[in-house]
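Here the structure comes first, spelled out in C-alpha cells, and everything after it is commentary.
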Amino acid sequence: MVRILANGEIVQDDDPRVRTTTQHRSSSSQQGFFNRGHGAPPGGPGPRQQQAGARLGAAQSPFSDLNRQLVNMGFPQWHLGNHVVEPVTSILLLFLLMMLGVRGLLLVGLVYLVSHLSQR
C-alpha cells in the first residue's frame with residue numbers, strides 16, 4: 001500500500017517519513033483532545049490560557065458554551081432594557097410558548113419576576 005505525504009510525494013507504508021508523521025499526528029491529536037476544554041477548537045487555547053481565564057473570573061458553564069456556539073452559528077442576541085437576552089434563552093422561550101401557550105409563558109415570566117424581585 002502507498003501513502004501520500006503532505007508535499008504530494010507518494011511513498012510506501014514502510015517509509016520512515018510516513019511513520020514519523022503518523023506518530024506525530026496521533027500523539028498531538030490525543031494530547032489536544034484531553035487538554036483542551038469542551039467546545040474548544042483544535043489548536044485553540046491551551047490549558048494554561050484556560051486556567052488564566054478562570055482566574056480572571058470568566059465563568060464557564062455549558063450554557064455559556066452553547067450560547068457562544070449559537071452566536072457563531074448566527075443566532076442573534078437581543079436587548080430587553082439593559083439586559084442581554086442570549087440565544088439559549090430565546091430558544092427556551094419559543095419552546096415554552098409552543099408547549100405552554102401564551103398563558104404558560106406569562107406564568108413563567110411572573111415567577112421569574114417574583115423570584116428576581118425577592119432576591120433584592
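Each Cβ is built from the backbone N, Cα and C atoms, and glycine gets one as well.
In Swiss-Prot this protein carries:
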type	residues	note
COMPBIAS	19-39	compositional bias 'Low complexity'
COMPBIAS	47-59	compositional bias 'Low complexity'
MOD_RES	SER61	phosphoserine
REGION	12-59	region 'Disordered'
TRANSMEM	91-111	transmembrane segment
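Outside the transmembrane segment (91-111) by six or more residues, the chain places 70, 75 with a CB less than 8 A from a CB of the stretch.
In this structure, SER61 (phosphoserine) belongs to neither helix nor strand by DSSP; it is coil.
Taking all protein chains in view, 8 other C-beta atoms sit within 10 angstroms of the C-beta of the residue listed as 'phosphoserine'.
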